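Have a look at the structure below before the remarks.
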Amino acid sequence: ERPQTGRLALYLLGLRATCPPPKPHRALVTWLKYYLEEDWRGSRQHGHPLTSYYQYGLGVLALCVHHKRVREEVIRRLLEAQHHGRLGHSTIDTEAVLALAFTCLEHRRLVGAALAAELRATVHRVSRSMAQAQGPKGIIGNIYSTPWALQVFLATGMCHTEPVFGQAMAALLENLDAFGTAATMAQVLPVLHGHSYLDIASMSCQEESDTLTPLDMEPPTEVPGNKTVRLVVECAQPWCFDLQLYDRQVSTPAAASLLDVLWAATAQEPHFMFDTQDTPQGPYLTQVLGLEARQEKRNYWQLLTAPSTPLLTGIADYIPRDGETLILRLSEW
């Protein structure tokens, strides 16, 4: 079983933000240190953590926010991976997490002067790269990557000098409906209030008042009727005999998500199979028609709406339109 590096790191970040008494979470910090070592030791043959550089970076960030030192060897692993482009297909998310971790280590003076200068230079390069990656609609990478990039701008002070910051903030405000899970809300809410995860490390708990009140949520209204969606599965890998592996019309209720469309396809044709992996951002598509996306093979299932527009939301959040063509494409990063 893989180490729960990212899950525990997110929990410790959230725990620190709630201003708990110091003793209960000390054992969890020790466990996170253990997971970081297990995460790397178990995957030396692959050259990357058992989980991902994203989760590994979250672990370093959480330790720093809790004012814990990180061995220089651990930091060097992340620097080397960043310099050699080995971070995976969700590059902006991962680079942003690493940039926040590096900035935290520098600001908290948890590394020596020489390494601090190296971290500062790396974060500057990452920030410039993110600014250049902004699309015409203001989004950096995809809608879920944008809050991470903005956290980097906020943590490094670039929000005052980068014109892309205002454009990306406007894009977030136009797409707030995409942030429907606790994990995605946790990424975007600090940005909307002008903060990054680094601010957790220096927040004054004495000034925090208990202002949390329950919110009565109305159940979503049912959308009447049905829709038909064309579902296409493609394999863009050289070892696939055919590019197009599946092409069918799938009927679903009008409010169905892409995940619902996949389940409807399995009911319509038993030979259609898929699998997902639970993540903090919701279910992640890992296998379709027996073809599995694997990090060590550098491939993933790309989600598109025809002809070639990448989806900005996950399979559980995207609501296709009637008559829309959805493409699941096994691609390489």
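A Cβ is built for glycine as well, from the same backbone N, Cα and C atoms used for every other residue.
Noted from TrEMBL: C104 is disulfide-bonded to C64, selected from C64, C159. Over all protein chains present, the Cβ of C64 (disulfide bond) has 25 other Cβ atoms lying within 10 Å. Counting neighbouring Cβ atoms within 10 Å of each of the binding-site residues (Y284, W301), the lowest count belongs to Y284.
Of all the binding-site residues listed here (T51, Q55, N142), it is N142 whose C-beta has the fewest other C-beta atoms within 10 angstroms. Here C104 (disulfide bond) comes close to L61, C64, V65, L110, A155, L198, A201: these same-chain residues lie at least six apart in sequence, with C-beta atoms under 8 angstroms from its C-beta.
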